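See structure below.
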Amino acid sequence: MAGNSIGQHFRVTTFGESHGLALGCIVDGCPPGLELTEADLQVDLDRRKPGTSKYTTQRREADEVKILSGVFEGKTTGTSIGLLIENTDQRSKDYSEIKDKFRPGHADYTYHQKYGQRDYRGGGRSSARETAMRVAAGAVAKKYLKQEFGIEIRAYLSQMGDVSIDSVDWNEIENNAFFCPDASKVDAFDELIRKLKKEGDSIGAKITVVAQGVPVGLGEPVFDRLDADVAHALMGINAVKGVEIGDGFEVVNQRGSEHRDPLTPEGFSSNHAGGILGGISSGQDIVAHIALKPTSSITVPGETITRSGEKTELITKGRHDPCVGIRAVPIAEAMLAIVVMDHLVRHRGQNFGVQTETPKI
């Protein structure tokens, strides 16, 4: 398996399985001198970890991260940062019945066909449990970006099923279990989840992630465009089936006179492009949206086959999220932070001394 790393200069490599002994990652390329403690990383991990609300999986993992290397006397040294989280609440017996069956909608069949074997305990490496390490690594990037450049990266749940938000209040997001910025929609989300639990079913969701304060100039055309790397990172999140930058697929219905973002001496008058032009950050907010599918781990019976190809039926047991989009909020933040951090380091290495006569708007 070769696809365990992301980034070029700020590079994150993860390892571990859902029911293994531990999860871990190596973060390369973090500049030296950043004050960093385990508590700094724990904040976002606590936002992602399972068992924290009645709306998500009841698997209870402390997700306490340990810094193994790369930090000395409270500051990063510039060497590889090693991070580790031990798994403590595995219930592998929940998966014994699917040892020889493929869960429809999951990676069971494709992993088996590609590798000739699979870890059926919670999906092994394909499980979203792996994203805990992305969040830990992303927290390193988020702290550096905010402390050194004033860049802030935040996300929120913008839609669950047919319930969409009408407004965004950044101060409201941490006041509810849904990371919802619209207080008027919390009860509707609550009602939807309760209904799904009774039915044993699940629902999809849409997450919006925003990077504020990103300077103009990040992105490496033509193949490492900033929007291309953002899409790559967000698409790599478990259950994500679609990514939009700015207005995304709405541009199909727009005219050029509507979509273009006029420039004025005071700044851009709109942001349909989502803060990226020609693959390079424009200085506006970077705005992206991800669509997450409804999880297939449900108690509604579904058709599948056994390892020998025989027809059978499957009811998924275990502890699962009725909507995986809820806990995907800090994951989306982490992935965007990793990409912005990587491009910032790359830009500084090549274009540090570039100056133009045109004022930055």
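Backbone N, Cα and C define each Cβ position, glycine as well.
Positions annotated as NADP(+) binding site by Swiss-Prot, on the basis of sequence analysis: Arg48. In this view, Arg48 (NADP(+) binding site) is surrounded by 24 other Cβ atoms within 10 Å of its Cβ, with every protein chain counted.
The FMN binding site annotation in Swiss-Prot covers Arg125, Ser126, Ser127, Asn238, Ala239, Gly278, Lys293, Pro294, Thr295, Ser296, Ser297, Arg319 and is backed by sequence analysis. In sequence order, Gly105, Ser202, Ala239, His320, Asp321, Pro322, Cys323, Val324 make up the list of same-chain residues 6 or more apart from Thr295 (FMN binding site) whose Cβ falls under 8 Å from its Cβ.
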Roughly how many Å lie between the Cα atoms of Arg48 (NADP(+) binding site) and Ser127 (FMN binding site), rounded to a whole value?
14
Secondary-structure category, per DSSP, in which Lys293 (FMN binding site) falls:
coil
Where Ala239 (FMN binding site) falls in three-state DSSP terms:
coil
Residues satisfying Cβ distance under 8 Å from Lys293 (FMN binding site), sequence separation of at least 6:
Gly105, Gly204, Ala239, Val240, Lys241
